[in-house]
Amino acid sequence: MSFLKSIVTKPAAMLSKTSASYPIHTLITLTLLASYAYLSIVDEYIVRGSNLNNNNGGSGYVNPQVVGEVSFYHPHGSNDYNNWIEIEDYSQFSNDVDHIAVTYLTFKDVKNHELPEIKDSFQSMVKNERILITDFDGKDKVLANLNKLTSSDGTNWKLRHPNGLESYSDYAKLIFQRLENCIRGAETSDITLIVIAYIAMWYTFCQLFFGMREVGSKFWLAFGSLLSSGFGFLFALYFVTIILELPISLTTLSEGLPFLVATIGFKHKVVYTEPILKFISKNKRKDIPNIIARAVEEVAALHLIKYHSIVLGAFLGCSIYAQHLEGLRNFCILSAAILVSDLLMTFSFYSAVLALKAEINKVHESLELKEFLQEDGISENVAGVVAEKNSKSTIFQKNAGVVGFKIAIIAVFFGIHLFVLGTSWMYDSNSEYRVSFADTKQFVNVLSKTTAQHIKIGQNGTIATIMPPRVFTPTGFIAKAEDVFLSSLHTIAKATIDPLISKFLLLVTAISVSINAYLLNATRSHIKNVSVVAEAVSVAENIKKTEHNNKSTETIVSSFSKPANRNFVSSSVEHVETDDTISSSDDDIKSVDLIPNQEPKRSVEELVEYMKEGKLKTLSDSEVATLVTVGKVPLYALEKQLADNTRAVAVRRKAIANLADAPILETNKLPYKHYDYNRVFGACCENVIGYMPLPVGVAGPLIIDGNPFHIPMATTEGCLVASTMRGCKAINAGGGVTTVLTADGMTRGPCVSFPSLIRAGAAKMWLDSEEGSTRIKKAFNSTSRFARLQSIQCCLAGTLLFIRFRTTTGDAMGMNMISKGVEYSLKYMIEECGFEDMVVISVSGNYCSDKKAAAINWIEGRGKSVVAEARVPADVVRKVLKSDVKRK
């Protein structure tokens, strides 16, 4: 039994491994082969299908080019309707026979418009129709001039494009009519069975998507399964109809395929996929192709082959038993071929899809985590190792918006394809209008009496050929837009078949495929190398744990572990955040977890394992706070670990409440909700646990140098804003404030040291001299486009020399640009000015003086020195300030 199992599963595993090793090559090759099979099938059903249509009495094949023209002959004599006979080939008649062309001109959306007058035409029995009779040899020239027409009331008419948007409503009507005719000619039991089969088929499709969602894929695995089965169907249909030359009508396909899909289903694809994903998740450091081959050989292949073999034997037995029923026999053979082809496509095409998606997600997760670690200050090499070690294959979890966009793109692709194919495949453009041309309800291959009366019989007889009808619609904005769109499509299609452009596109496609294959192989090689390093690090960590019982390394690594899915959003979070659970009037109510704990209480070891697996965000707030309390997650890393700043604040409050014995943080006395922490994180505050709301008032306007300024004031001191407001009013009543800028120069005062007082004094004298001042100014000014050195002031204290640089800095406060210039100036003194023995003690020697009150700043000034004046009249002091100017 094991020997038989190996014979069956090993080839399947080899095929899966080969396809997974070269996924791009496999997908491109099979897609090209499927395209060739598709075109061959379309050619079989459309171009050569008319012959089968005539022989089989309407088996469902349609060839509009053949059905489009019908010819009738009337011998010499008086015009008698009964003498018209249908002929198959008018070329057998002599050239002396008169040959005319009859073209039906149909006008859509006539309403109150008048029909245009056309030479050699007459009104038919239908209101919106005219019949044109022309010489057959000159018909092309005449019809070419009828693309645009104008009626007497000024209405413009244009020839409708065969693939026009309006024609698709006609397609729907025609399909509905044909379906109605089929239903009328069928028994109720047959109709019920077919309806149930179609419902079951669509239920099977939905079941496939739900099944794949359960194993971890929202869209792509289900779509890949459908595409794989679709390609299998094309290959099987090509094999049966082209190679075996067994006719399968469209009616048989439309009635039989729903039963086949509902019978076989796609459950086997889900069963095939699930063990492969489990193997990939458990062996994420190994090569994807080897993992898939192992999963196929050990688990997936046997069940799939066994299932298909049973159904395959049933169909083959049915085909042998029902040899006298040609339609049933051929469909059973087709079903057997579909099973075999679907099996091969599963091991090849679908395995390539699985491998490609797994490789892409593995690379994406590894790079994302590596970038995250580097942002936290981890070195590039260590970040790469940790990323490889901790990345978990949460395979194919994507944002719903991205999936929707992909579905829309696929729908547009199929829509454009059906737009081009629709006319020739579904729609007989002649049948809709010919029924209205005839005087009876019979099919319009018979020349109508109305038309026959307007035909003149020649001396040697007359041949009348009924041409395909031409449909005209009123021109308007929609019609013009449709023309532009169809013209663009035609231009693009024409360009793609150009010999030069087609070769260029083929070359670009080949280069693109080669580059993608190369990049995939290079990425595999890189991940393989990183895996080796990760394994070495893991071994080293185990040895270190054994010898020293050192758990700090694991704590650091796990604290930086980050889940691959950054788009995790919990509906409960949204509910709690938008619902004001904590009443503002009751500060003693305890806070509610943003992520409540709905699982049984877990131990610290279990929580650490969850964190290592990248599931930290799925834990409750209390569980994350527990990890913080025991030192497994740093307080400062919560924002990055949870990817939710508000939740990080809530968790930090719980942790601090335990660590600092501050139960007040579990209440709402210090608020934290409904605040945009994105503006705080990484900008102005760390380890945030909430915010202090302060009321902000505004005073003013205060007129300064003729310009009004409103002054915002955040305060809890009562009457402060009101007092300021009264002061502004009083100052404004006296004309406002006038100011004078007396000085503008920012300072930086470095401290340098010399071996002796003499050397320090020499440096001071040199800096105070014109030569020294000029050279230092030139060096300083070379470091910035805005900073300009104004003066240098030196102060000697023993062997220490304090140098005060005063500079302008443009519109900026400019401490950074000043420090840069000072550093370069001191370096210039040491290297270029003969002060090699000078040692820089500090760039800022407290001689600036920065951020503190200092007498030197009061005396010398620092920054902008401004003197302001405000004159308040006496009556304003009495009326507004409620005071008096008299001295007491």
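Placed from the backbone N, Cα and C atoms, the Cβ positions cover glycine too.
Positions annotated as domain 'SSD' by TrEMBL: 190-356.
Non-local neighbours of the transmembrane segment (20-39) in the same chain are 230-231, 234-235, 237-238, 288-289, 292-293, 345, 348-349, 351-356, 359, 513, 516-517, 520; each lies 6+ residues outside the stretch with a CB under 8 Å from one of its CB atoms. Summarising the annotation, TrEMBL assigns transmembrane segment to 20-39 (among others).
The transmembrane segment feature in TrEMBL is assigned to 191-210 (among others).
For the transmembrane segment (222-244), the list of distant contacts is 30-31, 33-34, 37-38, 40-41, 44, 205, 208-209, 211-213, 266, 269, 273, 330, 333-334, 337-338, 340-346, 349-350, 353-354, 410: same-chain residues at least six beyond its ends, Cβ to Cβ under 8 Å. Summarising the annotation, TrEMBL assigns transmembrane segment to 222-244 (among others).
Among the features that TrEMBL reports, transmembrane segment is placed at 304-322 (among others).
Here the transmembrane segment (328-356) has Cβ contacts under 8 Å with residues 12, 15-16, 18-24, 26-27, 30, 220-221, 224-225, 227-229, 231-233, 235-237, 239-240, 244, 246-248, 252, 256, 260, 264, 269, 272-273, 276, 288-289, 292, 296, 301, 304-305, 308, 311-312, 315-316, 318-319, 322, 520 of the same chain, all six or more residues outside its ends. The transmembrane segment annotation in TrEMBL covers 328-356 (among others).
Among the features that TrEMBL reports, transmembrane segment is placed at 407-427 (among others).
Residues 8-9, 12, 263-264, 268, 271-272, 328-329, 332-333, 335-336, 339-340, 342-343, 346 of the same chain lie 6 or more positions beyond the ends of the transmembrane segment (304-322) yet place their CB under 8 Å from a CB of it. Restricting the average to the domain 'SSD' (190-356) gives a pLDDT of 81.
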